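Notes for the one structure printed next.
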């Protein structure tokens, strides 16, 4: 195992605890930034370009028929192979936290549409499911199992907010362990089924799960109820006959007491368990090799890399699996350092010496396409538990240097006014020009803030006119103020021809009889 320092030269402030890495066509993509996407990359998905120990992040794009995918931190992510002979793959994404700290309960299927040297395009589709749909959560896992020629996805664990009826002002954002139910999901028919097993008595989150054929192994994890890290090793076996599916659970010896660990696959049947926490405020610096065979799992301790003093003494760390036996690790830098980017990054390579030499010849850190689904590799979550005001990460987002507006003002999902009714979870396109975000317009009041065109009751023709014309716009709340500040328009008076003196009428001949008394009053 070797540890290599990498310098993040662009967009590195987006790499915060809870991100995920996706492998498409031999390339690694970043998903789950902290904060809402900005104009330079509205999708929030980036290609990780690593050359000569420098990490650069290049924006990726979505196709026109894609749904909106918010940046989700701590979601459940799993690879879904198209077929045994095809190199094409998809990713299932469920749950996670949005930048507003809302929890998502949606399912997304993400696939690669096209890629060239300048542009990468994805398609993202939201899946509607029926039955026992899992509640919104984060810190859980999702795996794919194969049995009797059928394929299903399995969800287990995670955390969620306490029910609305139990929320108070002091405990509004308090989280609890989800019930230890096992969910089977059939994306082909769009249905979900839940199973309560007697062997699973307490909820777990930020555990590790590995899948092979029809079996899933669950080890580690943290329980909020007992504040413990379970040493148990669970074996879930899923049978998919013609009738109803069957799920059984067996508790095996030889588990590992760890939470928020990362698993990377080194070959068809071998995995490496890296990092995590073995107790509160205590990192786990020991590594393990996990060997999966048919109906058998073996976990042995292996030699750890030569951890740097910064890694040994830091209070928290985070990262994710890059594929091909490599892991991207991050630690917080010194609080007093001059640069705003306060994270240091390392690449841990778990391959042998020959594989490492071959990997150094490639410009990209490529992903391995396994014959069996390797399961989910959960990022280090406990960094969320240990992140306090004194050591919290810098929330400055500098990847869009040309964007001078603050993210809180230009975000598409802000509350733009008192009558704002735009909700990221229920919004649908209103104008023909909208795709995956609502149309906004700048109010020219003193603060220059953005408002949703739909909330301002603007017609589509008026919206197009305002976007094309060089005129100032004032929202409904500032339109009266604007009228009071306006200078009255200058009224152009028509030039009138002077009337001829009436006295000259005395020289005129009257065509009709006029009384002398009337003429006398007229000229007096």
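Numbers run from 1 along the shown chain.
Glycine residues also receive a Cβ, built from the backbone N, Cα and C atoms like all the rest.
What TrEMBL says about this one:
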type	residues	note
BINDING	416, 420, 443, 449, 455, 475	Zn(2+) 1 binding site
BINDING	452, 478	Zn(2+) 2 binding site
COMPBIAS	373-405	compositional bias 'Acidic residues'
DOMAIN	411-488	domain 'Recombination activating protein 2 PHD'
REGION	359-405	region 'Disordered'
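With respect to their backbone Cα atoms, residue 449 (Zn(2+) 1 binding site) and residue 478 (Zn(2+) 2 binding site) stand 11 Å from each other. Averaged over the domain 'Recombination activating protein 2 PHD' (411-488), the predicted model has a pLDDT of 77. Straight-line distance linking the Cα atoms of residue 478 (Zn(2+) 2 binding site) and residue 443 (Zn(2+) 1 binding site), rounded to a whole number, equals 8 Å. Excluding the listed site residues 416, 420, 443, 449, 455, 475, the same chain places 417, 450, 451, 452, 456, 476, 477 with Cβ atoms within 8 Å of the centre of the Zn(2+) 1 site Cβ atoms. Long-range neighbours of residue 443 (Zn(2+) 1 binding site) (same chain, six or more residues apart, CB within less than 8 Å of its CB): 449, 450, 451, 473, 474, 475, 478.
Here the binding-site residues are 449, 452, 478, and the one with the most other Cβ atoms within 10 Å of its Cβ is 452.
Within 10 Å of the Cβ of residue 416 (Zn(2+) 1 binding site) there are 26 other Cβ atoms, across all protein chains. Least packed by the Cβ count within 10 Å, out of the binding-site residues 420, 455, 475, is 420.
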